[in-house]
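Marked as transmembrane segment by TrEMBL: 12-36, 56-79, 91-109, 115-138, 150-175, 195-214, 250-267, 279-297, 303-323.
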Amino acid sequence: MQRALSLDRSPALGAVLRYFACTPLFALLAGLLLVWQGEAAFQSRWSPVTLALTHLFTLGVLGMSMAGALIQILPVVACSVLPHARTMAPAVHALLGAGTLALAAAFLASRPWLFGLALAALVPALLWLAGALAIGLWQRAPAGAAPMVATVRLALASLLVTVVLGTLLGMAFALPGVIPLDLARVTDLHAMWGLFGWGGLLLAGVAVQVLPMFQVTPLYDSRLERWLGSLVVLALLLCSVKALGLAPAIVLLSAFALFAVATLLLLKRRTRAADAMTKFWSLAMVCLLAAIVIWALPGEMAGAGQTLAVAVLFIAGFLYSTINGMLYKIVPFLLWHHKQTETAPGQRVMQVKRIIPDEVAQRQFYLHVIAVSLLVAACWYPEALARAAGVAISVSALSLGWNLSRACRRDLAQPAGV
Ligand code: HEM
């Protein structure tokens, strides 16, 4: 089935650009925090710095861009109408940004009132976003968008589970001793639903739609498109039953390995020359496979850095690389589309691919590769590499921010005939 777009349904430019602008800002903040705190971030998964960094990434970097992408893509690809989008988009953006900063500060300062403040912003932000998107996804989508819509619905359901568990954890910190929780178990479930269900499934759902479009590849195998989402959610439900042991986790990781291999094979069959997005997405899939291999290694072979390396490869290597690469397609396209609607007679709009030249995006790709490599290596050698990884993340984020902001400031109108 061909992938078609309804561009006349595109939301206001500012409504989504503000989300994408926050992606490099939160990545920069995470990089600077790592430079400041150094090896403390790699002491254990429970260290306050690690938890602050985790949420600067999951809510700030990934959450912001995923929310922006959904607010943009659903009306255009699935013809969804998001209720009160003009109020919802800026309000959710402000609450999500403020809540993420408060949550990171709460972990760093260990202050119950800061956890309360974070919950007061994050819970309405995420429920409002999920509610608006759910209403949008409930409407009849064109047949070509059906696989994406089905997977994104499951991703949204996973976000709700993540938020409920995150809220319970946040309340346990805001009101110490009042809510009896098995913190380790609830955190495992919260992290699992957030990373695999919300982050992983959303990217898989969007990939089946945008990879064939932007990279001119064949479509994904229709069985993978149809079953990946259900298989992942079923495995997550079974993982939530402790008594079933490792078997559901193996099913879950096999499903993601299948997705990574299928994506790499499709990228090989693209009919366009490799560009920055090809490289970011190939890196993302290699990182996903590496995370799965490291998870499967026996503890004595993988060493002390194993748990953190799996998380770093999944969050920064897989999820963030995919998003970083996609920003170089989405942002120029939005700017181009917006300018098209307001060009004066005798003028034409600069070609999309010239708005951010590919060589500029590819330079940032190499900075990103250095940042991810140092971050992974720092899981085993924190004293030597933690601060260097922080510097590399900051430099890569500055470069991404500079490239995006330059594109926004460019005058895209040219005299016709140029
Ligand atoms: C309402 C929003 C959220 C709140 C209030 C929240 C709160 C928390 C809290 C309090 C913990 C620490 C638990 C402990 O130390 O025992 C935690 C851990 C974690 N959260 Fe969230 N969270 C939220 C959203 C998310 C999202 C959307 C994701 C992923 C996409 C996520 C990923 C994680 C991960 C991976 C951990 C475990 C970190 C580790 O083990 O090092 N969180 N969260």
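Each residue, glycine too, has its Cβ placed from N, Cα and C.
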| What else in the chain is close to the transmembrane segment (115-138), if you only count residues 6 or more beyond its ends and a Cβ gap under 8 Å? | 59, 67, 70-71, 74-75, 78, 80-85, 88, 91-92, 95-96, 98-100, 102-103, 106, 149, 152-153, 156, 159-160, 163, 166-167, 170-171, 173-174
| query | Mind checking which residues reach the transmembrane segment (303-323)? Cβ under 8 Å, same chain, six or more beyond either end. | reply | 23, 27, 42, 45, 50, 54, 57-58, 61-62, 65-66, 69, 191, 195, 199-200, 203, 207, 280-281, 283-288, 290-291, 294-295, 297, 368, 371-372, 375-376, 379-380, 393
| Residues of the same chain, at least six outside the transmembrane segment (279-297), with any C-beta under 8 angstroms of its C-beta? | 211, 215, 253, 256-257, 259-261, 263-264, 267, 306, 309-310, 313-314, 316-319, 321-322, 324-326, 328, 362, 365, 368-369, 372
